[in-house]
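Residues or ranges marked as N-linked glycosylation site in Swiss-Prot: Asn47. Summarising the annotation, Swiss-Prot assigns domain 'EF-hand 1' to 73-108 and lists sequence analysis as the type of evidence. Residues or ranges marked as domain 'EF-hand 2' in Swiss-Prot (evidence: sequence analysis): 109-144. The domain 'EF-hand 3' annotation in Swiss-Prot covers 160-195. Per Swiss-Prot, the feature domain 'EF-hand 4' maps to 197-232. What Swiss-Prot records for Asp210, Asn212, Asp214, Glu221 is Ca(2+) 4 binding site. What Swiss-Prot lists as domain 'EF-hand 5' is 238-273, and the listing cites sequence analysis. Swiss-Prot lists Asp251, Asn253, Asp255, Lys257, Glu262 with the feature Ca(2+) 5 binding site, giving sequence analysis as the kind of evidence. Annotated domain 'EF-hand 6' per Swiss-Prot: 274-309, in sequence order. The motif 'Prevents secretion from ER' annotation in Swiss-Prot covers 322-325.
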Amino acid sequence: MARGGRLGLALGLLLALVLALRAKPTVRKERVVRPDSELGERPPEDNQSFQYDHEAFLGKEDSKTFDQLSPDESKERLGKIVDRIDSDGDGLVTTEELKLWIKRVQKRYIYDNVAKVWKDYDRDKDEKISWEEYKQATYGYYLGNPAEFHDSSDHHTFKKMLPRDERRFKASDLDGDLTATREEFTAFLHPEEFEHMKEIVVLETLEDIDKNGDGFVDQDEYIADMFSHEDNGPEPDWVLSEREQFNDFRDLNKDGKLDKDEIRHWILPQDYDHAQAEARHLVYESDKNKDEMLTKEEILDNWNMFVGSQATNYGEDLTKNHDEL
C-alpha cells in the first residue's frame, strides 16, 4: 500500500476513534427517543427489541458479557439483581423501583465511560483536562502536520470538528477556566445528559442535518439523515411514514422546515422519560397476573428480556460480584 493510502487509512481509524469517544448525535436511532406508543407492541421473539431492553437493564457497553453465561447462571445472577432492585424488600418490583434502577445503570455507564478515557487526555495527571490537553491528544498530529492533510478528505473533517469541539468544551466549562473537571468533562462527552448542554445538542444536530446551510432542516434533509436512497426504487414504507411524521408532528408551525425549537422538541421532548418508558415496557411484558408489579418469578420467567435490557447493564451486572452492584 502506498504511503498516502496508509496515511488515509490511519487518519480514518483515528477519526473513527475520536468520534466513538464522543457523544454527538449521529444516526436516526441515536437522535430520536422511542415514543411511548411503541411500548408493549413488539412481539416477544423480536431480537432487536430484546437488545434494546438488554441495553436499558444492563448497560450498552457491557451487554456482550451476557454471552459468557449459561441460562441457569444468568437466572441465578439475575435473581440477585432483582433483590437489589426491590428496595423495600417486599418481594415485588414496582415500575418506580425499576425506573430508579435503570437511571442508576444509565448514570454508571456514563461515568464508567469517562473513567475509561480520562487518562488518555489528562496528560499531566493533575485530575483535570485542559482544552490544550484535549486538543493535542485529539488533533495534535493534524495540527503538527497540516500539509499531509491538505489534499485529503480528512482535512475538511478535522477542520470542521476542531472548532466544534472547542465550542462544546467551552459550553461544558462552567467556571470558564478552559480546564475540565471530571463532571465538566462528562458533560463534554455526554452533553445530552446535562441541562446546560442541551442547546449544544440541538445546534450540533442542526449542523449535522442541514446540508444546504440555511439554518433549518427541511423534509428531504430530515429523511436523508436516516435513509440513504442509493437506487431509484420506491421508498420503503417506513420512510413514507417518517415523511408523515415530519409533516404531522415535527413541523409544528407547518412552514415545511424545522427550526431550532422544533428540533429541540423532536430530539429532547420535555414530557418523555426514557427510564420510565423502559420500566413500563418491562413490566408490561412480564406481568403475568396484571397487577402492575413483578415478582422475582415473573422476572426470571422472562429472563431473556431482562438480561438484554438496561436494568442489568446489558449483562455486565450478571458477571459481577454481588458487592460490586
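For all residues, glycine too, the Cβ spot is worked out from N, Cα and C.
Feature map: Swiss-Prot annotations on the structure.
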residue	record	contacts (Cβ under 8 Å, 6+ apart)
Asp210	Ca(2+) 4 binding site	Phe216, Val217, Glu221
Asn212	Ca(2+) 4 binding site	Asp218, Glu221
Asp214	Ca(2+) 4 binding site	none
Asp251	Ca(2+) 5 binding site	Gln219, Lys257, Leu258, Glu262
Asn253	Ca(2+) 5 binding site	Asp259, Glu262
Asp255	Ca(2+) 5 binding site	none
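For the domain 'EF-hand 1' (73-108), DSSP puts the residue distribution at 27 helix, 3 strand, 6 coil.
Taken together, the residues in the domain 'EF-hand 3' (160-195) have a mean pLDDT of 96 on the 0 to 100 scale. For the recorded site, Glu221 (Ca(2+) 4 binding site), the DSSP three-state label reads helix.
Neighbours of the Ca(2+) 4 site: apart from Asp210, Asn212, Asp214, Glu221, residues of the same chain with C-beta atoms within 8 angstroms of the site's C-beta centroid are Ile209, Lys211, Gly213, Gly215, Phe216, Val217, Asp218. Around the Cβ of Glu262 (Ca(2+) 5 binding site), a 10 Å sphere holds 20 further Cβ atoms from the protein chains shown. Apart from Asp251, Asn253, Asp255, Lys257, Glu262, the Ca(2+) 5 site neighbourhood in this chain, defined by C-beta within 8 angstroms of the site C-beta centre, holds Phe216, Arg250, Leu252, Lys254, Gly256, Leu258, Asp259.
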